[in-house]
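Colleague: Quick one: this structure, given as C-alpha cells, is what I'll be asking you about.
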Ligand SMILES: N[C@@H](CCC(=O)N[C@@H](CS)C(=O)NCC(=O)O)C(=O)O
C-alpha cells in the first residue's frame, strides 16, 4: 500500500531494526518533497521512533538494590454514561494475552458479566520478543489472532497510534475505542470495575445483577486487594525479576507468607469474601493458576507447590476452574507456559519450555 503522509522529521530518522523474525522494520522511503514523503506502509510504519527500551523486557532495568518495580499504567479513562467514552455496543475492543494474569482478569469478568458482544477480543501471540507482544501475523501461534482493526504487527504499534509520544511499557490488557481511535484504559483493576457496572442497563437481568464489587463488601474486598496484590500477584514477579540474591530472598518470603494467610482465609470456604464470588477471587485466582506451571520454576517461588503445600487454595482454584466456564475458558496453559519461559530470556536463556507439571491443573 502506498500513501502520502506528512510526518515530522524525527519519525523517519530512526535506525534500521530487525524484528524477532529477522525482518527489517523500518518503513521504506520512496520520495521526499516539502516534508511530505511517500511511505510504503507496512504495519510497522508507526513504530519508527526507537522505543526498544520499553518493548524489550530482557533489557528492563531493576532498581539499584536489585528489586523489580512495576511502572504504573498510563491510559486511565473510564467508560461511563454521559462521558467521553460512553457504554456503547460495537465501539470498543479488548486486546489481551492468554498468558498474562492481568489480562486474564479482564477475560474472566467479561465472561461472568456476559459482555462478549460489547468487547470483541483479540489475543496476541505468547512469545514476547524485542518488539514486545506480536500479533499472529508477526508470530503465528495456535489461538493467537491478527489485529482486526489496523493489521498491526505488534501491540506497540497500537500504543504509538494512540499516542506517538507514548513513554511507557506496551502492556496488555487494554481497551481500544474505535470512535476516538485511542486506548481508553490499560489497567486491569480498573477495566474489571468498568465491566462490573458500566454496561448493566444494557445487559439481561441475570448478567446485570452479577456484582463482583458489591457496596456492602467493598471495604473487605479493598482490604484483601491491598495486600494480595503486592504480596502475591506482583510478589511472584518481584521474586522472579530480582537481580540480587537479597532482593529475591526478601520477595520470595513475602510470597509464601501471603499464601499462608490465604490458606487460612480459605479454609472451609468457597470464596475469599464470605458466600460470594467477588473481584478479590478473580484477582487472586489468575496468579494461583499460574503458580505450579510457571512461578515455582521460572520465578523460583519453590518453597512448595500449591498442590502439595496449600490444599485449601488448591481446592478453591480447582473448583473455580472446573465448575465455572468463565475461569476455564479464559485459561490457556500453552500460552501461559510458552510466554514466561520463552519471553524472559534474561531468566531462561535457552527458552526451553518445561513439559510439566503433569497434570497442569489437577482434577476435582
Ligand atoms: N498494571 C497493568 C499491568 C499489565 C502488565 O504488566 N502486563 C504485562 C503482561 S503480564 C505486559 O504486557 N508486559 C509487557 C512489558 O512490560 O513489556 C494491569 O494490571 O493491567
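Cβ coordinates come from backbone N, Cα and C, glycine included.
Pasting the feature list from TrEMBL:
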ACT_SITE  100  active site, nucleophile
ACT_SITE  237  active site, proton donor/acceptor
BINDING   133, 169, 170, 171, 172, 187, 188  glutathione binding site
DOMAIN    214-340  domain 'GST C-terminal'
SITE      295  site 'Lowers pKa of active site Cys'
SITE      340  site 'Lowers pKa of active site Cys'
Colleague: Run through the Cβ atoms and count how many others sit within 10 Å of the one on residue 172 (glutathione binding site).
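Modeller: Looking across every protein chain shown, the total is 23.
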Colleague: Looking at the recorded positions 100, 171, 172, 188, 295, 340, which have a C-beta within less than 6 Å of some atom in ligand 1?
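Modeller: The ones that qualify, in sequence order, are 100, 171, 172, 188.
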Colleague: What number of additional C-beta atoms lies within 10 angstroms of the C-beta atom of residue 171 (glutathione binding site)?
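Modeller: Around residue 171 (glutathione binding site), other Cβ atoms within 10 Å: 25.
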Colleague: To the nearest Å, how far is the Cα of residue 237 (active site, proton donor/acceptor) from the Cα of residue 133 (glutathione binding site)?
Modeller: 18
Colleague: Which one is closest to residue 187 (glutathione binding site) in space, judged by CA to CA distance, out of the recorded positions 100, 295, 340?
Modeller: 100
Colleague: Across all the protein chains here, work out how many other Cβ atoms are within 10 Å of the Cβ of residue 170 (glutathione binding site).
Modeller: 22
Colleague: Among 133, 169, 170, 171, 172, 187, 188, which the record lists as binding glutathione, how far apart in Å are the two most distant Cα atoms?
Modeller: 17
Colleague: Report, as a single number, how many Cβ atoms besides its own are within 10 Å of the Cβ of residue 133 (glutathione binding site).
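Modeller: Other Cβ atoms found within 10 Å: 29.
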Colleague: How many of the residues that make up the domain 'GST C-terminal' (214-340) does DSSP mark as helix, as strand and as coil?
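Modeller: Counting residues per DSSP class in the domain 'GST C-terminal' (214-340), I get 93 helix, 0 strand, 34 coil.
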